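According to Swiss-Prot, the protein carries these features:
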- LYS112: active site, schiff-base intermediate with DXP (ACT_SITE)
- GLY173, ALA199, GLY200, ASN221, SER222: 1-deoxy-D-xylulose 5-phosphate binding site (BINDING)
Amino acid sequence: MSNVRSDKPFVLAGRTFQSRLLVGTGKYRDMEETRLATEASGAEIVTVAVRRTNLGQNAGEPNLLDVLSPEKYTILPNTAGCFDAVEAVRTCRLARELLDGYKSHENRTLVKLEVLADQKTLFPNVIETLKAAEVLVKDGFDVMVYTSDDPIIARQLAEAGCIAVMPLAGLIGTGLGICNPYNLQIILEESKVPVLVDAGVGTASDATIAMEMGCEAVLMNSAIAHAQQPVLMAEAMKHAILAGRMAYLAGRMPKKLYASASSPLEGLIK
């Protein structure tokens, strides 16, 4: 059947990953909880806010890389807290320097770009984001980019050379789930680069829906870290991602207005 979907590898910057769940490292009670939740999630890519997390730039302070080693995880530096292109570019360059000492870290140029518009909504400033993306791509970075759910902006970011677009499902930290599935569907249908949902996931069903729609992966932090039992939620998210991907590949049944009996009517006992 020509419409049967076959699975394909999840590839970023030339590297294949088994897990389609990416996790953040903020908002946990302590580094031990961060470690346990990350392990339970099965994630291979861990994103880190360079401006808020010590990756070695602050000597004498606890270093996250001592807990989540680049020998085990692909560290994805992000530019959280940046409000203009200049700040974001500077932060990415700092991250590259900090990770350069880890020779086993294969993707020192892989970054997650986010440039925020304001503190209240944490919406992306798409104008500054596009400016930063163009500079970073020219500078040799592999840019995964947090963006709005505007399909035109997503297209422009891909055309600028970003290797993945990451539209928000809902506002960062709200747990509202996928607020505009129609725009997300347009992005998925038109994008020539991987599409990952970023921000807004609140529980396992949100992650499953994103994967059922055809997203390559989902990135989350608050949904796990703010759960009553973060480690258990991390494991739930691992299974949610798998279930959603399998359902997408399987193809859901068509929706119908009227009932259709599961058993045939022919041959009924009279």
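Including glycine, each Cβ sits where the backbone N, Cα and C put it.
On the structure: features taken from Swiss-Prot.
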{"residue": "LYS112", "record": "active site, schiff-base intermediate with DXP", "Cβ contacts under 8 Å, 6 or more apart": "THR47, LEU76, PRO77, ASN78, THR79, MET144, VAL145, TYR146, MET166, LEU219"}
{"residue": "GLY173", "record": "1-deoxy-D-xylulose 5-phosphate binding site", "Cβ contacts under 8 Å, 6 or more apart": "LEU122, ALA199, SER222, HIS226"}
{"residue": "GLY200", "record": "1-deoxy-D-xylulose 5-phosphate binding site", "Cβ contacts under 8 Å, 6 or more apart": "LEU168, ALA169, GLY170, LEU171, ILE172, THR174, GLY175, LEU176, GLY177, ILE178, CYS179, ASP206"}
{"residue": "ASN221", "record": "1-deoxy-D-xylulose 5-phosphate binding site", "Cβ contacts under 8 Å, 6 or more apart": "VAL23, GLY24, THR25, GLY26, LYS27, THR47"}
Cβ neighbour count within 10 Å of SER222 (1-deoxy-D-xylulose 5-phosphate binding site):
18
Tell me the Cβ neighbour count for ALA199 (1-deoxy-D-xylulose 5-phosphate binding site), meaning other Cβ atoms within 10 Å of its Cβ, over all protein chains shown.
25
